[in-house]
Structure formats: structure tokens, C-alpha cells
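Visitor: My questions will all concern the structure given below.
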Amino acid sequence: MPRNLRFLSVVNHVTKQVPTTCMRCAVGCGHVHLGSENAYGLETVRGDPSHPVNNGLACGRGIRESADPAGEWLTRPLVREDGELVQTSWSDAMARVGATIRTAVATDPDEVAVLGSGQQTNEAAYALGKLARAGIGTRNYDANTTLCMASAVTAYYRAFGSDAPPPTYDDIPNAETHLVWGANPAVAHPVMFRWIRQSATDGRLVVVDPVETKTAAVADDHVSVAPGGDLALARAILRHLVDTDQIDESFVRSNTEGFDDVVSALPSVTDAAARAGVSLDTVEELAALLDAPTLIYWGMGVNQSVRGTATAGALVNLCLASGNLGPGTGPFSLTGQANSMGTRVCSSKGTWSGHRPFEHPDHRRAVAEAWDVPVSRLPDDSGPGPVGILDSSPSVVWTVATNPLAGFPDATAAREVLRDSFLVVQDAFRSDTVELADVVLPAATWGESEGTAMNMERTVSRIRAATETPPGVRQDLDIIADVAARVAPGLLPRPPVSPSAIFDEFAALTEGTDADCSGISYTRLDGERAVRWPAPEPNSDAGYRYYDPSTSRWTFPTPSGKARFSTLDGEPLPEPVDGDYPLTLTTGREADGYNTGVRSRSDTPEEPVARVNPETVDTYHDAVADTDGELRTTVVSRRASVSVTLDRDDAVPPGLVWLSIHHPMTNQLTSPAVDPQSNEPNFKQCAVRFVHPDAPAKADFLAAEVSD
């Protein structure tokens with residue numbers, strides 16, 4: 001019996017086949033769920049042949065994690081008594097949460113931090129953002145989507161005036177070149193990668209990544225760029241296009257601005273290629289790819305850097321300069337979590353609902369009127385991002401479907417802040433963060449929930465319950481509404497809340513915006529399965545290419561109506577290697593892992609496995625213990641030390657240490673430095689060294705800190 005059948009029962013349950021949306025990644029595949037007849041949970045999961053996104057295709061991991069997640073379920077509210085978490089009633093738990101938030105708000109609304117997630121439904125995300133901004137009034141509101149997507153979002157806004165990817169899945173079959181940069185869709189987006197490989201059969205698939213990933217292993221070519229060298233490589237390619245007269249001059253002059261400023265700041269091809277760690281021939285070959293209709297995909301390898309916005313902008317620059325913005329072309333950011341897009345559109349920390357500019361007075365008034373609160377109640381800036389939020393040491397932290405104790409960079413520092421705060425954790429699974437909580441609120445997961453989600457190509461789909469919510473567990477939306485009733489009465493309906501009513505409220509607030517969802521309703525989604533925004537009318541949706549074929553004109557939602565080239569030059573890497581820390585640590589996904597691993601691992605392994613090149617092992621053999629062929633060392637950064645098992649792997653270049661993002665200890669090592677434009681952390685690069693596991697690792701670490 002699947003482990004997510006939480007309680008055996010003989011009561012009646014939903015047993016019909018229920019169409020819904022996969023909760024694993026942002027491809028947004030339609031699923032069909034069948035609830036169990038004799039228990040709470042899902043009996044079977046399969047792809048939905050009627051869903052327009054995937055037409056029945058589904059990856060094994062999405063099916064497996066929907067039907068049988070490996071995490072430990074939360075089943076009752078918990079509160080901390082005498083240092084221990086003990087079961088309590090919902091009324092007691094909610095009374096504690098409400099009273100504590102009210103007390104903090106009376107002192108300063110910014111004493112309350114609210115952290116949401118790309119795992120929420122649109123409705124829960126919208127309600128949480130409304131409560132945080134208009135009820136609590138805090139600027140310290142964000143979601144874990146900023147940890148992975150903020151740099152791409154910021155680059156899109158800077159280029160197009162909107163966080164709306166120009167390409168859609170419809171473009172994949174029409175592209176002749178698929179340039180995958182700092183992403184691993186073979187692991188992270190298997191269904192989408194199947195489409196990419198099918199299209200590349202008659203074209204080219206090229207991967208830019210320091211590591212030979214699963215995607216790179218089946219590509220036509222793999223460019224092993226130096227860690228942190230992505231921006232330099234993109235600039236080298238653009239410089240080559242300029243030097244060889246391969247710019248689409250007509251498109252650039254008519255539809256863009258800022259090109260001359262970019263060109264004047266470009267380094268020479270030779271200098272940029274050297275910084276990227278590639279040959280001049282490689283630059284020439286990559287530039288030649290752009291002659292054909294090209295989709296440039298990128299992911300966390302680009303975004304999670306102090307240079308993330310600059311690098312994503314440089315990739316957009318390549319599309320603009322080469323005219324790759326029509327069918328079968330364009331800059332395509334690959335979103336990770338299932339509802340990252342929805343979290344941004346519904347309640348983004350950087351904009352109001354519907355991409356309304358946060359600091360624009362007209363939009364602030366419109367939001368205040370829609371929410372029936374004074375404009376003065378709304379915070380006057382969008383906040384410092386997740387890392388900055390914890391740096392401010394709020395007295396109350398409320399997390400919803402996220403695990404900051406394992407997911408934040410410099411996790412030890414995050415632990416100290418969370419330990420000193422009144423911590424409220426709302427989740428379906430027992431996460432690392434739960435262990436520090438003062439109150440734990442058990443929430444329903446997707447197979448038990450009603451709502452909607454948005455995938456990476458802006459398509460809205462329904463999430464439907466195929467099983468009842470177990471006793472002791474509540475819907476995210478109802479929990480948020482209960483807190484609102486205690487903190488800001490009247491702001492949200494009292495639970496139980498109608499998800500469709502909340503969606504209608506959200507959709508109405510998007511009317512006239514670039515993310516117009518006002519033509520989408522539950523009734524429409526019940527009939528069509530999925531609708532792509534902008535959809536301003538009940539029978540409309542859009543490809544959103546910023547192009548009107550009836551007039552042959554490009555129009556972008558920028559002040560000038562033109563797309564903008566990025567002139568950002570990027571930040572220096574915060575931790576270049578040196579004599580004390582000669583190795584570079586990077587992080588990445590594994591095929592069977594998900595985020596911090598809460599729902600994809602049943603037991604925490606004793607120590608993570610670090611993939612390293614055999615040459616690296618040989619170079620630092622004095623710091624490696626070999627016990628009957630098992631290699632172990634201690635990885636030490638400027639923040640922490642972690643014992644690891646070494647996996648000799650030729651796919652990882654010499655000098656690089658690769659750790660999985662799914663292990664809860666990984667982010668003890670990573671740097672809290674953030675991109676100054678997006679506030680996204682620099683997860684993909686920090687300096688480390690190896691220390692023999694029998695050495696006093698902690699003392700070694702402290703000594704290093706003193707000497708720095």
C-alpha cells in the first residue's frame with residue numbers, strides 16, 4: 001500500500017478518476033488521479049491524454065512522487081512545550097499564531113516575516129500575499145521562488161517590461177538549434193526534454209555547463225564553461241556576432257534600444273573567451289548556431305549567481321541581436337517548481353498581483369481599493385529578498401510549504417535566526433525546519449487540494465482533490481484565512497474558503513495588465529483543461545510574442561515600446577579560489593531528488609556524496625581517507641565543514657566539487673552573497689578545500705576563519 005495512504009478508514013472517499021496537474025516540476029503536465037477506496041491517499045496516477053500540455057505523457061518521477069512521496073506526513077497540529085513538539089488542537093495552535101503575530105505587528109509589521117513557496121496553489125499564494133501585505137503590512141514577504149527564479153524574472157523585466165517568457169512549448173518543434181545553458185532538463189523536466197530531443201533529431205542540441213550532465217551526455221556538443229564564466233562566454237559570442245556582421249540590424253534598429261551601449265562595453269572575443277575558459281573556435285561555433293531558428297534555455301546554473309541577472313540578460317541579448325524572437329526561437333527560462341510562475345503572478349514580492357509595478361502609485365491605489373484597505377497600509381517597498389529577510393532577524397517567521405533550514409544559503413546562520421524567532425511552519429511533510437518550530441500547522445498536499453497552478457509557459461491548469469483531507473489536516477487556503485481572521489478580520493473570507501472565489505478575485509485584479517487572467521475561470525478550465533495567459537476575454541488566450549501579425553509590428557510593455565538590451569556587467573564572484581580554498585563547490589539536482597529532499601527521501605543519509613574528478617582526488621589525496629575503496633573527506637568552506645563520501649566522476653571537471661541540492665547539509669557550505677538586482681543567492685559557486693576526516697575539522701575551520 002502506498003505510504004501516502006495516511007489513515008486506514010472505511011468511510012466513503014472520492015474514487016472516480018480526477019483530472020489534475022502534476023506537482024513535481026513546472027512543465028505542468030496533466031495527470032489523472034484515482035483516490036483509494038479504503039484510505040486517504042492516491043491509488044493510481046497517470047498522464048492525462050486530454051490535457052493540452054502533455055497529451056498523456058508523464059514522467060515516472062512525477063507519477064511516483066504524486067502517488068507515493070517518501071516524506072514523513074504531518075497529521076496533527078504541534079506546539080512546543082518544554083522544548084518538545086507535542087500534539088495540540090487546531091484552536092490552540094491558531095490562537096498562539098494569531099496572538100503572536102498581532103503582538104509583533106503592534107510593535108512593527110516588519111517584525112513578521114512570511115515565506116511562501118512555488119508549491120502552493122495560485123489561490124493560496126494570492127491569499128498569503130494579500131494577508132502579508134495588506135493584513136500584516138510587512139515588507140518581509142517573499143517565496144522560495146526567489147531562491148531559484150528571481151534573476152530570470154528580473155532579466156525578463158529589464159528586457160521586455162514583463163515576466164512573460166516569449167517562447168512556449170509550441171516553439172520547440174520549430175526550433176533548429178536548442179542551446180541549453182546552465183540547465184539539466186533531462187533530469188529536471190523529463191517530458192519537456194523528450195520534446196527537445198525529438199526536435200533536435202533534425203537540428204542541434206548543444207549544452208553549456210561546467211559539468212557533463214545527463215542532458216550534456218546526449219547532446220551533439222557540450223561546452224564545459226568555467227564555473228562563473230557564463231557571462232563572459234555570452235559576451236564573447238555577442239562580440240563575435242558584432243565583429244563578423246551577423247547582427248540582425250533591421251530588427252535591432254526598429255525594435256530595440258541600448259544596443260550601441262552594450263557593444264561599446266563588450267570585451268574582445270579573446271579576453272572574454274579566456275575568462276570563460278573556452279577556445280576561440282568554441283565561441284565561433286556557438287555564434288554560428290544562432291544563424292538558425294534558436295531556442296536558448298537556461299536554468300539555475302545561470303540564475304543562482306551574483307551575476308545571474310546580468311547573465312540571463314546577456315542570453316536575452318543574444319536572441320535580440322540575432323533576431324531570434326519569432327516562432328521557434330527565443331529566450332526560455334526553465335522554471336523549477338510546479339507553481340513558481342503562479343506564485344510570481346499572484347503575489348510576487350517584487351510586484352502586485354498581475355505584474356502590477358510595486359512602487360507605481362496608480363497600481364498601489366488599485367490594489368488598495370480592490371483589497372479595501374488604505375494605501376498607507378501597504379508597505380512602500382517590496383522587501384530585501386529571502387536572505388535579507390532573515391538578516392533582519394524578525395521576531396516571527398511563518399513558512400508555508402518551504403524548508404529554509406535546508407534551502408537557504410549559509411544554513412547555519414539561517415538556523416540561528418529561526419531558532420531565535422517564533423517560528424510557524426505550515427507544511428504537509430516533516431521538514432528540517434519543523435524541528436525548530438514553535439507551532440506546526442499540517443497542510444493538505446496537492447492530491448487533497450483544490451485550486452490552480454501556472455506552468456513555465458504561462459498556462460493555467462486546475463488542481464483537483466482525488467481524496468479527502470485526513471482528520472487533523474487543513475487546506476493551505478483555509479489555514480491562511482484562519483490566520484487572517486485573527487490578524488486582519490474581514491480581509492479574507494472565513495474558512496472554509498471557496499478556491500474559485502479567490503481565483504476570481506485574483507483574476508479580476510489582473511484585468512488590463514500584461515498578465516491578464518480576467519478571461520479565465522474555473523468553468524472555463526473545466527471545459528478546456530488549460531488556458532494560457534494573457535487571456536482578457538472568456539474565449540481568448542495568447543502566444544504572447546509581443547508581436548501583432550495583423551500589423552507586422554513588435555510592441556513591448558516598456559516605456560518606449562521597445563525591447564531593451566542589458567548593459568549589466570555583473571558582480572565579481574564573491575569567493576574566487578585561493579591558496580586556502582583551492583576548490584570550487586557547485587550544487588545541482590539529482591534525478592530522483594526534489595528541492596531539499598523532504599518528499600523525495602525517506603531517511604536522511606549520514607553524509608552527502610560529493611562528485612569530483614579523479615584528478616582532483618589524486619591531487620588532494622592527503623586529505624582523503626580510503627577505507628576498503630570508500631573515499632571520504634571533509635569539505636570546508638568559510639562558513640562550515642561537512643563530511644562527505646567521494647564519488648570519482650569524470651563528468652565533473654578538475655577543481656570542481658559537486659554536491660546535491662537535496663541533502664540538508666549542502667547549504668551549510670554555500671555563500672549568502674546575492675545578486676544585487678534580483679536578491680537571488682550565489683548557490684552555484686563558493687570556495688572550499690578538503691580536510692582529512694580524521695583531522696579536527698571544526699578546529700581547522702575556526703583556525704581558517706581567524707587567519708582570513
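Cβ atoms here come from the backbone N, Cα and C positions, even for glycine.
According to Swiss-Prot, the protein carries these features:
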type	residues	note
BINDING	Cys22, Cys25, Cys29, Cys59	[4Fe-4S] cluster binding site
DOMAIN	15-73	domain '4Fe-4S Mo/W bis-MGD-type'
REGION	586-613	region 'Disordered'
Visitor: Of these binding-site residues, Cys25, Cys29, Cys59, which scores lowest on Cβ atoms within 10 Å?
Guide: Cys59
Visitor: Starting from the [4Fe-4S] cluster site formed by Cys22, Cys25, Cys29, Cys59, give every other residue of that chain whose CB sits within 8 Å of the mean position of their CB atoms, in sequence order.
Guide: Arg24, Val27, Gly28, His31, Asn54, Ala58, Arg61, Gly62, His189, Pro190, Val191, Ala338
Visitor: Looking only at Cβ atoms, how many others are within 10 Å of the one on Cys22 ([4Fe-4S] cluster binding site)?
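Guide: Step by step: centre on the Cβ of Cys22 ([4Fe-4S] cluster binding site), count other Cβ atoms within 10 Å, giving 32.
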Visitor: Which of the three DSSP-derived classes (helix, strand, coil) applies to Cys29 ([4Fe-4S] cluster binding site)?
Guide: coil
Visitor: For the domain '4Fe-4S Mo/W bis-MGD-type' (15-73), what does DSSP give as the number of helix, strand and coil residues?
Guide: 8 helix, 19 strand, 32 coil
